[in-house]
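Have a look at the structure below before the remarks.
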């Protein structure tokens, strides 16, 4: 019986593991809607026109009846993809569809007819151009968005050429023969050109989007996809791990028990959803890196606070050693557990608990502890977007201190509440905001930015709706994909 159960577990274990992996909540989600796709369509259309304009065709040689011909220097001179569409294919990816469009070409001719040798330029036009291209989007092994494969079908309904020169009318029947061959060759060139554009050029641009990168000198962020993109007729949804980590302890990570963020809207071009885990992992990483510690002494200590501390602990100093009365007094703050984020419909708050030690610093001697107290603080956290950077600014909302030694000392600390709160607001809060004001980059390609954003707070997560602004064209974005910014370097 035991062996049967073990065999069953062995068989089911891959299934169980895959279910567990799929059940991992996302710390960050991005939705691109049909409105966003509409803007992307114009950039895609320009990019496709540029790619097709670079099509090269082989030299054509042959003879037909009394004609011997050589066709060279075939060039695309104009594309008119007026009826182009970009839309989602549910469970697959994207469809770029071109219907009833035209392509104009020019090429050189060398024709021998009996004893007449003729050269010149020919203009040809391909009409009824239909291109149907489907791009399959997946999560690759590194957790990056990637075009996995492309299916393409290109058809040209008809093609015509107009010969100029003395023998123009004589060449009319030859034109029909040549355009048939050229239409066949052009059909064969379109899809390979688009395949190369998608699988090489666009994928190279997607590789510049940060997956695991440094945020600053202390922490990094993991933006790897946790599953394949979810594509419906209305949107493309991408689910990212959205987890910060300390650079000095990269394997010391936080388990995601937060609410899975939900995006229900489709009105704006793009939506960004962030769970409490996204922010908690950042605070946990700063805590792991040892950032939440501060030593306030000498010029950092407000004079009125120093005087109040000296007065409050005068008796303790005298009992220790009267010679310490004039020694500098310091405060040592150390957060004793990772801060926690709470997101409600009313806003976001961060709760932080720290140990505060009052120390006297006799010259040339070890520090002497006068008191140890616990400080409980609650901050309001305001989330904002600028371009493709997410920033958080904190403001002190609630402050409380109490003694770790006795209830009686807690009463004696009441006069310290107000000056310590002021010191915290003037010294510690700006320090925290200085770490977060630069913000963290969200996983968008360089050249795409958020504009007209609106932040909405829900129970357990935040949703930011925005429109997209292209500061660069798709061709420029791809051209710059080989120059990776320092902040996007993988670590």
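Positions of Cβ are set from backbone N, Cα and C atoms, glycine also.
Heads up, TrEMBL stuff is auto-annotated, nobody curated it.
According to TrEMBL, the signal peptide annotation covers 1-18.
Per TrEMBL, domain 'Lipid-binding serum glycoprotein N-terminal' is recorded for 31-249.
Taking the Cβ of residue 191 (disulfide bond) as centre and 10 Å as the limit, one finds 17 other Cβ atoms among all the protein chains shown. Annotation comment: TrEMBL describes 152-191 as disulfide bond.
For the domain 'Lipid-binding serum glycoprotein C-terminal' (264-466), the model gives a mean pLDDT of 88. Look at TrEMBL and you will find 264-466 tagged as domain 'Lipid-binding serum glycoprotein C-terminal'.
Other C-beta atoms found within 10 angstroms of the C-beta of residue 152 (disulfide bond) number 17, with every protein chain shown included.
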